[in-house]
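Listed features, source Swiss-Prot:
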- 1-240: domain 'Deacetylase sirtuin-type' (DOMAIN)
- 18-37, 96-99, 182-184, 208-210, Ala226: NAD(+) binding site (BINDING)
- Tyr62, Arg65: substrate binding site (BINDING)
- His114: active site, proton acceptor (ACT_SITE)
- Cys122, Cys125, Cys142, Cys145: Zn(2+) binding site (BINDING)
Amino acid sequence: MNVADLLASSRHCVVFTGAGISAESGVPTFRGPGGLWERYKPEELATPEAFARDPALVWRWYKWRQEVIYNARPSPGHYAIAELEAMGVVRGVITQNVDGLHQRAGSRLVVELHGSIWRARCVKCGSVYILDKPVEEVPPLCRKCGGLLRPDVVWFGEPLPQEAWRAAVELASVSDVLLVVGTSGVVYPAAYIPRIAKEAGARVVEINVEPSAITPIADVFIQGRAGEVLPRLVEEVKRRLRTRQALTP
């Protein structure tokens with residue numbers, strides 16, 4: 001099965017991404033070797049209980065993460081996905097990442113299943129703030145009511161945002177090709193997305209540096225770095241589309 005042919009023929013390709021694609025931008029992963037969880041215990045930082053216990057500690061960690069991401073650049077994989085969208089091949093991106101690198105690369109329709117590190121939400125009045133740079137004061141406070149702000153991300157033990165989950169399920173359900181990039185496939189309910197697409201009739205194509213929990217249901221598994229594989233795929237898809245246009249009377 002040729003992946004470039006699949007993409008060139010696709011009417012509704014959707015991309016599903018995990019931490020692996022951002023690791024190529026220098027953003028530490030949670031679960032890979034050298035990932036963030038090797039340096040910190042997740043229960044100390046990424047839970048509602050941890051935030052209630054020590055919001056300043058949690059925010060110092062998120063400020064550090066914001067600084068890493070702020071100084072990072074989207075990877076060639078991010079740019080390739082945005083280019084496929086600009087070509088009309090990709091109709092949407094579902095991501096487990098909270099870094100906003102897809103948007104910085106130019107992707108327009110991005111569903112963020114786990115929230116965004118570039119938003120903060122007041123725990124008292126619910127006001128949401130868009131952040132264009134790392135927070136300065138720790139912990140930040142709501143300008144409207146003085147309440148504590150928290151990162152607008154999904155912590156361990158919290159449900160996914162309903163609106164984002166509905167949008168992701170809808171995209172996956174109508175996809176004819178699901179391109180899975182850089183995810184371990186072990187974080188639920190996000191890991192259901194490839195299965196939802198598969199059951200709806202989509203071809204599942206996985207690009208990963210090593211086999212994952214998704215690999216057994218993938219129609220095609222391409223082993224490699226997203227930043228190397230995806231730009232090559234973009235060029236192959238372009239050639240096929242040009243050939244078709246040339247043959248069209």
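Just so it is clear, glycine is given a Cβ too, placed from its N, Cα and C backbone atoms.
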Expressed to the nearest Å, what is the distance separating Arg65 (substrate binding site) and Cys145 (Zn(2+) binding site) at their Cα atoms? 26
Calculate the per-residue pLDDT averaged over the domain 'Deacetylase sirtuin-type' (1-240) and state the result as an integer. 93
Integer Å value for the Cα distance linking Cys125 (Zn(2+) binding site) with Gly26 (NAD(+) binding site) is 35
Between C-alpha atoms, which of these binding-site residues comes nearest to Gly18 (NAD(+) binding site): Tyr62, Cys122, Cys142, Cys145? Tyr62
Excluding Cys122, Cys125, Cys142, Cys145 themselves, the Zn(2+) site's Cβ centre has within 8 Å the residues Val123, Lys124, Gly126, Ser127, Arg143, Lys144, Gly146, Gly147, Leu149
Cα-Cα, whole number of Å: Cys142 (Zn(2+) binding site) versus Gly26 (NAD(+) binding site)? 31
Would you mind reading off the Cα separation of Gly182 (NAD(+) binding site) from the residue listed as 'active site, proton acceptor', to the nearest angstrom? 16
Sparsest Cβ surroundings (other CB atoms within 10 Å) among the binding-site residues Ser22, Gln96: Gln96
Taking Cα-Cα distance, which of the binding-site residues Ser22, Gly26, Tyr62, Gln96, Cys122 are within 10 Å of His114 (active site, proton acceptor)? Gln96
Same-chain residues at least 6 positions away from Val209 (NAD(+) binding site) with a Cβ under 8 Å from its Cβ, in sequence order, are Gly20, Gly182, Gln223, Gly224, Arg225
In whole Å, how far is Tyr62 (substrate binding site) from Gly26 (NAD(+) binding site) when you measure between their Cα atoms? 16
When the Cα-Cα distance from Cys122 (Zn(2+) binding site) is computed for each of the binding-site residues Ser22, Tyr62, Gln96, which gives the smallest value? Tyr62
